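J.: Copied straight from TrEMBL:
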- B:131-391: domain 'Protein kinase' (DOMAIN)
- B:LYS160: ATP binding site (BINDING)
- B:428-450: transmembrane segment (TRANSMEM)
- B:483-510: repeat 'WD' (REPEAT)
- B:517-552: repeat 'WD' (REPEAT)
- B:609-650: repeat 'WD' (REPEAT)
- B:651-692: repeat 'WD' (REPEAT)
- B:694-735: repeat 'WD' (REPEAT)
- B:737-772: repeat 'WD' (REPEAT)
Amino acid sequence: MADAPLTRATLLARIRDGHDTDAWREFLHLYGPVVYGFARNRGLQDADAADLMQEVLRSVARNANKMEYDPKRGTFRGWLYTVTRNKVYNFLNGQRNRPRASGDSAAQERLDAIPDRDEPGNDWELEYQRQLSAKAMDRVKGEFQKSTWSAFWGTAVEGRTPNAVGAELKMSTGAVYVAKSRVIARLRDEVKKLEAEAEAW
Amino acid sequence: MATADMTTDATPQVDCPSAEELRRLARGHLTDARQAVLTAHLDRCPGCQGRLDEIAADGDKLFTGCMKKLCEPPAPKDSAFWDAMSEVEAEVTGTTPSDMAGNTSANLSDLKLDFLQPTDTPGRIGRLGAFDVIRVVGRGGMGVVLAAFDESLQREVAIKVLDPQLKSNDTAQHRFCREARAAAKVSHDNIVTVYQVSEEEAAGLPYLVMQLVNGETLEDRLRRIGKLSIEEAVRVAMQAALGLAAAHEHLLIHRDIKPANILIDAATNKVKLTDFGLARAAEDLKLTRTGFVAGTPLYMAPEQARGDGVDPRSDLFSLGSVMYESLAGKPPFEGKTPLVVLRRLTDETHEPLHKLNPEVPDWLEDVIDKLLEKNPDHRYQTATELANELTVHYACLKPATMDKVEACPMTQVRSWRSLVRSRSQRKFVSLLAGTFLLGSVAGATGMYFLRPRGGASSEVALAVPDLGPAELNQTDNLKAGAVWSLSPSPDGKFVAAGMEDGTIKLWNLNGGGVSDLGKHDGSVWSVNFTPDGNRVVSASGDGTVQVWNVTSMMMEKGINNRIPVRSAAMNADQTSIVTGDATGMVKIWDIESMGPLLPGGVPDKPRQEFVHRGTISAVAFSPDGTMVASGSANKTAILWDVKTGKAVQRLIGHEGPIYSLAFSPEGDRLATVSWDHSIRIWDTKNGDLVKKIENAHEEGVWSVSYSCCGKILASAGQEGLVKVWDIDNTEKPIRVYSRHKGTVHAVHFTAKGTQLITGGRDGTIRLWKVRD
C-alpha cells in the first residue's frame, strides 16, 4: 500500500498552484505545529515560538510559486527543517548578543543544544509524525467498527492495559491485541501515504 | 470476559505463529477460523502480543511513540500559537479562519450580503460602516443578524440589519429606526444593550449595533429540554420582568415577548430581552403585504391580537404566556391557524397549569393566571410589581445562596470590618453620590447627593452605599456619552473624566459643579492628573495627547501621534509620558520637548518606541519610573525597562484582551484585568503570576485600581459591578457596588484610598465612600 502510485496531486503541487485554499490549510496545520513545537523545545517562549512559526510559514507562502524540485535540497521536510533551525538559531543568537538581556548563559546553552547538522532531530520528527497520524486517524476511523476502534484507542492512545480495555468492551485480551494491530497497521499505511503526498515536490 | 476462561477452552495448543502470519493477521488477511485460533493464542502468549504490536507498526518506534500523544493539542489552550495560526491562515488563504467559517450554517449561505463593503482585514467577510463583519449569526423576521468586530472598542458586537425588503417601506424603516433609538436609551442588565443605530450609506439600510450575547434563546432551550424547573422558570421570568420594568419606565413597549426574544447568556446565565419594538416595524410590512397581523399570535395579549392597541400590560400578558410554556411545555393558546389561536385567545380560558405540570406551586399558578387575564385591568399593572412578587418567592425557592451584596449586607460588613481594623469608631456613614446632569436641566449640573439611607441601620448603610434616588441620565440626554476614563486630583478636590463625545469634564467635588476642561475630536480613552495636580493629560481616538492647565482651562501642549491613542500615563517626576496606541506601539515622549499642537501637523517623534503588537489598551509607569507596563488586546502584558528599551518580562496567561493594568504603590506588583473575566497579579521582578482571581467579574473586566496601601484592589466589569478586593483573601470581594446601569469602564481610588470614583456606559460618574 505504501508504494501505491500517487493518485492525488501532491500537497506541494497543490500549494504551488496558489488558489487551492484547502491545500494551504492542510499544509499550515501539518507543518505549523511542527515548527512551533520545535521552537518551544529549543527554549523559545510561547509568544516567540508563535512568531517564529508565522515567519516560517509566511516565507513558504511567499516562495511557494518559486519552489521547484531540486534533488540537491533533499526532501521538503528537510528543507523546512533547515529554514526553521536557522531562524531559531538566529533568534537565540540575537538574544545572546543583546546587551543586558536576561539569561545570557541560558540562551547560549540553548544555542549549543542545536545539533550542527541538517538532519531533522527526533523532536522535529516526532511532532511531524504526530500531525500525520492525527490526520491519518481522521481518514481511517470510518473504516473500523466501533469496538475495534475503542480497543485501539484505549490501549495505544490512552495507554491502558489490554486486559482492562477488553473487560470494558467485553472482548478477550487476544481480540484487543488483534483489533489494535489492525488499526495500527492501517494507520501506518495511511501515514506513509500522507507523508509521500506531503513531501513530494 | 476473564482471560482464564479462554485458556481452558478446547482449542488445541498451537505453536507461536510466524511473523508473516502475524503480519497477515494485522492486515486482516487470514481466514476467520485461523484468526480465531490466533486470537485465542494471543490471549495467553505475552511473547506474541509484543511481536504483533511491533509487526503492526512495522517496528517504527517513532510512530508507536506518537500514538500516545495523539490526543494532545499542538499547544496549550492559552498559547499564542492559536492566534498566530489563524492569522497566518487568514493571510495565506485569504478567507475566514476555519473555526469561524464553521459557525456559518449552510442554510444561511444564500443570504444576500451584497450591502457589505469589501474588507482588507483577514478573517472577515466584509465591512459595514466602522465594523468588520465576522460571520452571519442568524436571520430573523426583521433582517439579518451579523457578528462583527468593533475595532475602536476591541469587542465583538451583534449587528442587526433591516431586511432589504423592508427598506422600500418608509413607515417600517422609520419605525425600525425610531424604536431602535428608543431601545438604545434603555440600559439594563436584562436587556440586550443597543449601542447605536446607523445607516449603511450606499444602500440606505438602517442597522442596529448591539451587545453580542453568546448563548441560546429560551425557545432553543425549551426545544432542547422541554420545560424548565420551577426555580429556573421563576428566575427567567423574574429577570425578564426586571428588563421589562426598565423598558416600561422609558415608555418602551416590547410588543413581541416570546421565547425566541429571550436570550440566556451561556457564560453568566443571565436573561436578556432583545428586539424591543421591532415587532412593530415588521407589522407594518406584513400589514401592507397581507392586510393581516404579523406573525403568530401565540403569545400575544388579546387586545393586541384584536388590534385594539397595546400598553405595558400587553407585554405582561405575553410574559405570562412564556412562563406558562416554560412550565407546561406548550403555550396556553394553540391552534392550527392564527385565526384559531386568535379566537381561543379572546374567548377561551387556558387549561389550568397544574393539570399539565403538577409540580407548579399554587402561588406560581396564581401569578401566571393573573398575567393571563383577558382584561388588562385585572393583570399586574406594572412589570415592577410582577418582578417584586417573583423576587420574594424566588428567595424562598433558593434560600441559601444570594449572589448580590444587597441581599446579604451583613457578611460584607464583617469582612470589610476585619479588614479596616484601625478604625475604632465607626460613625453613620453618609454617602456621596455624584451624577452628571448635562442635559438642559437648568441649575442641576453637577450636583451630587448627600443623604443618609432612610430608615436603615448604619451597618446596612455601610455595606450598601445608597445613592439616593437612582437618578440616571440616559445616553440621549447626556450629550457626552459614555465615561471612558477617570482621574482624581491628588488633593481630592476634582475628578477629571474622559468622555465618549471627546470632551474632558472636570467635576468639582466641593460643590463647584461640572465644567468642560477641553475637547478632543474623538473619544477620550485616558485622562490623568499630573502628580502636582495642576494639569490633566488626555489621550484620544483622534490620535493626539493633550496637556490641559486646570487653572486656566487652556490646552498648553500636545502630541500628534496620528494613530488613535488608547492609553497614556505620566511618570512621577513629570518628565515623560508613555502612550499605547491602536497599532501596538508603546511610545515614550519627553514633556520638555513637547510643543503646541498644530492642526494637521506632522506626527511628532517620540523619544523611545517599543513594539508590543495588538491594540495597547493600557500603559503605566512603575512608581519609581524605571519601568513601563503595557497591556494589549493580544492578551499579553509586557514590562519594559525604560533605560534599555528592552522587554524585561512578558506576562502571558490572559485568555482575552487586556483592558487595564495598575502597578502597586510599591511597584513590586502589577495587576492586569482582561476580557477573560480575570484579574491577575504579577511579580514585576521575575514576571511570575502571584495571584489570579478567576471570574472576578461575570463578564469582561474593564478597569483596575490599587488603593494607596497596596493591599486593596478595585475592579470594574462589563456586567456593571464594581468590586473591591482584599488581595490576601480573594475568595470573595469585600464589597460590591451595583448601581451603575451598564458597563463600568473606569474605577479609581482617590489619593487617600478612602473613596472610589467610577464611570461607565450609563454616562454617570459616581463617588463611593470606601472608608472613613
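All positions are counted from 1 along the displayed chain.
Each residue, glycine too, has its Cβ placed from N, Cα and C.
What does the local environment look like for each feature on the list?
T.: Tertiary proximity for the repeat 'WD' (B:483-510) is limited to same-chain residues at least six positions away from its ends with a CB under 8 Å from its CB atoms, namely 434, 436, 446, 448, 516-529, 531-533, 536, 538, 540, 542, 548, 550, 745-752, 755, 757-760, 763-765, 767.
Sequence-distant contacts of the repeat 'WD' (B:517-552) (same chain, six or more residues past either end, CB-CB distance under 8 Å): 152, 481, 484-491, 494, 496-506, 558-570, 572, 574, 577, 579, 589, 591, 594, 597.
Long-range contacts of the repeat 'WD' (B:609-650) within its own chain (CB-CB distance under 8 A, at least 6 residues past either end) are made by residues 78, 80, 83, 154, 566-573, 576, 578-588, 656-663, 665-667, 670, 672, 674, 676, 682, 684, 686-687.
If you look at the repeat 'WD' (B:651-692), the same-chain residues 6 or more away from its ends with a CB under 8 A from one of its CBs are 77-78, 80, 154-155, 267, 614-615, 617-618, 620-624, 627, 629, 631-639, 698-706, 708-710, 713, 715, 717, 725, 727, 730.
Sequence-remote contacts of a segment are chain residues at least 6 beyond its ends whose Cβ falls under 8 Å from one of its Cβ atoms, and for the repeat 'WD' (B:694-735) they are 155, 189, 267-268, 270, 405, 412, 415-416, 419, 463, 656, 659-666, 669, 671-679, 681, 741-749, 751-753, 756, 758, 760, 768, 770.
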J.: Measure the Cβ-based neighbour count of B:LYS160 (ATP binding site), defined as the other Cβ atoms within 10 Å of its Cβ.
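T.: B:LYS160 (ATP binding site) is surrounded by 25 other Cβ atoms within 10 Å.
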